[in-house]
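Read the structure below first, then the notes.
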Amino acid sequence: MAPPAAKSRASRVAPLTSLVSMLAAAAAAVALCAAFAEAARGVTPVYSDDADESSESIITGGAELPGEDAGPPGPEPGLPDRPTKPRKPRPGRRQRANKTREDARAQLRESVRQIRAENATSMFYVCPPPTGATVVQFEEPRPCPDVAAGKNFTEGIAVIFKENIAPYKFTATMYYKEITVTQTWQGSRYLQLTGLYNDRAPVPFEEITDVINAKGLCRSDVTYVRSQRRVTAYDRDEWGREVKLVPSKTSTPNSRGWYTTDRMYAPNAHAGFYKAGTTVNCIVEEVEARSAYPYSNFVLATGDFVYVSPFYGLGEDAHREYNAYSADRFKQVDGFFPRDLDSGETAPEPVVRNLLTTPKFTIGWDWKPKDPSVCSVTKWQEVEEMMRAEYGSTFRFTSSSLSATFTTNVTQYPPQRIELSDCVAREAQAAVDAIYARRYNASHVKVGGLQYYLAQGGFLVVYQPLISNSLAEMYLREAEARALEPAPLPTTPAPEAAGSRGTLSTTQSVEFARLQFTYDHIQKHVNEMLGRIAAAWCQLQNQELVLWNEARKLNPNAIASATVGRRVGARMLGDVMAVSTCIAVAPHNVIMQNSMRLPARPKTCYARPLVSFRYADEGELIEGQLGEDNEIRLEQNNLEPCTVGHKRYFVFGDGYVYFEEYAYSHQVSRADVPVVSTFVDLNLTMLEDHEFLPLEVYTRQEIKDSGLLDYAEVQRRNQMHALRFSDIDHIINDTTNAALMDGLFRFFDGLGAAGQAIGKAVLGVTEAVISVVSGVSSFLSNPFGALAVGLLVLAGLTAAFFALRYIMRLRANPMRALYPITTHGIKAEAKASLASGEPRSGPGGIEDFDEAKLEEARTMIKYMTLVSAMERTAHKAKKRGTSARISRHLTDMVLRKRNTARPPSSEYQPILEDEDDAAV
């Protein structure tokens with residue numbers, strides 16, 4: 001904001017500025033009046049600047065100057081005033097008049113400078129009159145093309161099938177028994193697991209049908225083959241029995257199970273000894289099984305493979321299916337009533353149950369025929385609106401709802417050529433009937449039956465053609481008008497004969513079909529649009545040709561220039577047009593005159609302004625007349641009667657010049673003149689918006705199910721197996737002996753080093769005693785141990801009886817007991833003599849004894865007794881020490897003394913009992 005002092009100064013200067021402006025305007029008005037006065041007297045002066053400004057000479061053809069109403073424009077800013085050649089002043093009134101004219105000329109020169117073109121590209125052209133050396137004619141009208149229309153379009157309903165990559169799923173039942181053998185070692189204060197053996201054995205067929213399915217029970221023993229040996233395992237090392245199956249603790253969405261025991265049998269051993277225990281757990285488990293084409297095997301949710309077709313059976317067709325096992329491992333049970341092991345109820349309807357034994361388990365499943373259980377193709381899309389178009393030897397099925405186009409041959413593809421495809425006709429017919437009843441029942445009629453086409457990418461298109469009711473009635477009326485039988489509705493070629501059977505191989509992506517749809521959509525739209533444009537363009541050109549022929553008679557130059565494409569001059573020579581080439585003139589070499597009046601003819605004026613130009617910068621100045629569109633005519637014969645109120649705009653360079661009353665007024669820019677368009681708008685329909693939505697051939701779940709193994713389910717089942725069939729919370733406590741020993745150890749440990757030493761000795765003895773007693777009691781508590789002890793006792797009693805009998809015989813008759821053979825011989829001789837009645841030889845009938853031999857026998861017996869006594873004494877001396885040796889020495893001395901003192905005797909004397917004791 002300006003300060004107050006500045007405002008006061010501006011208020012004082014403003015009246016002075018207004019006064020100066022008014023004086024300048026008055027002076028200009030006086031000068032203009034003088035100039036008009038000179039022009040009224042018929043003076044036509046020619047003004048020329050210095051030689052270096054000769055190109056800016058102004059030729060005023062005696063026309064009147066602009067009046068005050070128009071007012072010549074002032075000097076254009078940025079253009080310097082050109083110096084004028086000073087004239088010799090005249091004295092008096094004449095001198096003042098010349099001064100006024102000089103000012104008027106200066107203003108006119110400034111105005112003319114403003115008229116000059118500012119754009120260097122706005123060229124002027126000089127077109128000489130054609131001589132007829134070159135003539136042209138217009139072309140005759142052309143025939144216009146027709147817009148191509150589609151042919152043989154058919155509407156209908158379609159059902160699209162794809163390859164079935166999902167496996168065949170069914171429920172299978174696993175029967176097996178888990179055998180666990182544990183070995184433990186019992187310490188003084190702890191129990192250590194030293195061995196663990198796990199195995200699985202299949203359940204026999206008879207036990208499945210007669211025990212598990214009939215009673216809901218399972219036996220606790222199992223006999224199976226391992227390493228070519230038949231072995232038997234008993235649960236808890238007890239005789240086998242039937243145990244109830246109980247539901248598992250947890251389950252998965254695809255499986256459930258039952259078991260007989262959840263506790264591991266690990267018996268306590270005696271301190272310092274090993275003990276083994278066996279656990280047999282009968283498990284029945286329902287799992288999901290999967291089999292993929294060609295259905296030669298299936299895999300269980302546990303990860304186990306079974307190499308037999310799920311459709312294998314004993315029937316004629318089922319027996320041809322694949323089976324990798326021997327015949328004795330497979331059994332098919334007709335009339336099998338499955339039992340629900342949870343509720344115990346039996347199914348009301350019988351099934352055919354397949355049973356197969358593997359080395360680890362027995363698998364059972366319900367047999368079903370292969371057809372219609374599986375189908376090699378599956379329904380993908382139901383299309384309510386499907387357009388079929390014929391393109392040469394192919395059909396294109398287009399669906400706007402799918403934004404896809406499927407290309408097929410014109411010949412049909414019978415579904416019988418696809419293996420396991422009986423479901424196609426059944427599912428397609430049901431889908432078509434449902435769509436027709438819901439949407440087309442009142443408006444359309446079916447044409448023939450279902451048609452089958454194999455599309456690119458491995459898709460089977462089942463198509464039902466339709467026609468509207470009105471079109472069907474038209475066909476009937478046409479047939480009646482011709483008095484003919486009703487013509488059959490349009491049909492397609494019959495399907496080819498069925499060849500070798502195979503399966504479809506469908507691509508995972510349908511992008512090619514969507515691209516085909518996009519291309520066909522764009523092609524159809526663009527071709528129709530271009531066809532309409534071409535036809536309309538041709539018709540427009542033929543219609544405009546008439547206008548061109550008429551317009552060339554009025555302005556041949558403009559018509560010829562527009563037709564040839566460059567500036568030419570032209571004139572009509574009868575029915576042809578002569579042309580000549582125009583010469584370009586630079587804008588700075590063209591000068592416009594300020595008046596359009598003829599000095600010699602006051603009532604006649606020029607119809608267009610006069611100009612002066614040069615072909616080159618230093619060339620000679622040539623007079624001409626401004627034509628249309630910056631054309632310079634060499635003749636100045638375009639005249640017209642002068643009229644009052646004359647106003648004209650003429651193209652000059654890149655703008656317009658405005659003449660009023662046949663005198664230059666001012667310059668007008670092209671932008672200041674409103675434009676009226678002569679173009680005809682072409683109304684074209686642009687492409688409609690199409691959103692590409694994701695279209696999946698196979699969903700993520702289908703791709704996941706395409707594999708036989710569901711690894712997530714396998715891992716889930718394996719990790720939950722222990723939770724389902726084992727008790728991991730129950731703990732078996734140690735024996736009381738271990739608790740007693742642990743308490744004693746803690747007691748002695750609290751007494752210090754001495755107590756620990758004493759405790760070790762006491763604990764060792766106590767543990768030994770407890771172990772012996774526990775071993776004996778455990779051995780006796782065992783049935784086998786008790787039987788063995790009984791047998792040992794019986795054997796001991798028998799041995800004692802025979803020993804006692806022998807001792808009694810030895811005491812009664814030692815010689816007979818010690819020498820039974822000798823006594824047997826004497827008794828035999830005596831019996832023989834008694835039987836014969838002959839007396840024995842010798843006096844008195846008794847055989848005489850040899851006294852010498854008897855004495856030798858007595859001596860031998862005596863010394864044998866002495867030797868035995870001496871051996872006993874020596875043996876006792878080794879144990880008793882010195883006293884025993886002294887006693888033995890004294891005994892020897894006594895014996896020797898007795899032997900030397902006793903005289904030899906021939907009679908037999910037995911050794912007395914006291915003597916034998918003394919020797920000992």
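Quick reminder: no glycine exception, Cβ is built from N, Cα and C everywhere.
Looking up C127 in Swiss-Prot gives a disulphide bond whose other cysteine, out of C582, C605, C642, is C582.
Swiss-Prot assigns the feature motif 'Golgi targeting' to residues 863-866, out of the candidate ranges 231-234, 435-438, 575-578, 863-866. Annotated pair N409 (N-linked glycosylation site) and N152 (N-linked glycosylation site), C-alpha to C-alpha distance, rounded: 15 Å. The Cβ of N441 (N-linked glycosylation site) lies under 8 Å from no Cβ of any same-chain residue at least six residues away in sequence. DSSP gives N409 (N-linked glycosylation site) a strand state. Note on the glycosylation sites N152, N409: the fewest other CB atoms within 10 A surround the CB of N152. Under DSSP, residues within the region 'Involved in fusion and/or binding to host membrane' (184-190) fall into helix, strand and coil as 0 helix, 3 strand, 4 coil. Helix, strand and coil content of the region 'Involved in fusion and/or binding to host membrane' (269-276), in residues and according to DSSP, is 0 helix, 4 strand, 4 coil.
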